[in-house]
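S.K.: Questions regarding the structure given below will be posed in turn.
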């Protein structure tokens, strides 16, 4: 029998042990974590809609009409008209023929990928894709080939060497780096080599593109270019759940084949009603997005002036690259001492030697909030200097 306690201790010794913070109250920039009020820069609530009044009122109004629980799977008696309205709304929002509502983004990726590929097929996956994509690839039992991050030329070479059914899967916005996939080039090579392109736009929906419709539409691509679009509703949209959007045939096929859709209880229908209201806020949220963009630019300019290493990202995800696990944890603790919550991200979430602080900005933040973060980063800069001083001479 494996010694689980020993494995946990090894994680602690490597600076990889993870703990949960106990949050009280609503998700908003200033929240209560473990009983302490902190200004948070680690939420994915990019537009500040998680506690939006109209969305909560829509939920309250729907509850007496539809009840609380989903009660059954969608293919038994759990597919409520509220779910159906949301799917129609998501199809229109993404400019696609149909959409299918999943309980979580993880379930959407696992269910879609394992339904669209199997033994004898080949999946091509960006090396920095999300864990749910990786697990979907494993579950499919297809052959999996990983291409270097964003390297379309390398992908095209792989595609040219491969026959049979081919699936190319990529994040639209990469969750730990904040950069955007080269979607136009990916669509081109997939068409040229008869490969089905799947884009998980979990971190693009709500933030990028016309009226927040995501990275695919921002790139000027349509359903024909990107046949399979996956998105989540718990980030930019501010509620919960996920979806896949595409052709009528695709959605019908997934209803028949996606096990994570078939064999689970439907999400609460009242939540679907609240999500429809939130999509209205997303579509009318150009001022929110403009404010968010201004905050991103303000943070980047200030952090770079302080000498911090940032990644090339124009999205709300702004990683501060550290490298060493312990140094990342120390900087996170130093910021918390200043009343800020900024999480250290370590392997296996990111590659070895690439630990970082993942700063995420929200339209609910103010300029004063960002300035407070920058002041704390300036005060905590000595943490990095001390780490460099501890490094052994070569």
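Each Cβ is built from the backbone N, Cα and C atoms, and glycine gets one as well.
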S.K.: Starting from the substrate binding annotation in Swiss-Prot that includes 18, 349, which of 84, 130, 149 is the extra site residue?
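M.R.: Answer, per Swiss-Prot (substrate site with 18, 349), from 84, 130, 149: 130.
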S.K.: Report the candidate from 52, 74, 79, 203 that shares the pyridoxal 5'-phosphate site with 105, 106, 175, 232, as recorded in Swiss-Prot.
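M.R.: Of 52, 74, 79, 203, 203 joins 105, 106, 175, 232 in the pyridoxal 5'-phosphate site that Swiss-Prot records.
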S.K.: Across all protein chains in the structure, which of the recorded positions 130, 235 has the highest Cβ count within 10 Å?
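M.R.: When each Cβ's neighbours within 10 Å are tallied, 235 tops the list.
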S.K.: For a quick check of packing: other C-beta atoms within 10 Å of the C-beta of residue 106 (pyridoxal 5'-phosphate binding site), how many?
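M.R.: Residue 106 (pyridoxal 5'-phosphate binding site) is surrounded by 19 other Cβ atoms within 10 Å.
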S.K.: According to DSSP, folded down to helix, strand and coil, what is residue 106 (pyridoxal 5'-phosphate binding site)?
M.R.: helix
S.K.: Let's check the environment of residue 203 (pyridoxal 5'-phosphate binding site): how many other CB atoms sit within 10 Å of its CB?
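M.R.: Its Cβ has 30 other Cβ atoms within 10 Å.
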S.K.: Select the most exposed residue of 175, 232, 349, where exposure means the fewest other Cβ atoms within 10 Å, treating these as the binding-site residues.
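M.R.: It is 349 that, of the binding-site residues 175, 232, 349, has the fewest other Cβ atoms within 10 Å.
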S.K.: Would you measure the largest Cα separation among 18, 130, 349 for the substrate site and round it to whole Å?
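M.R.: Roughly 18 Å, rounded to the nearest whole number.
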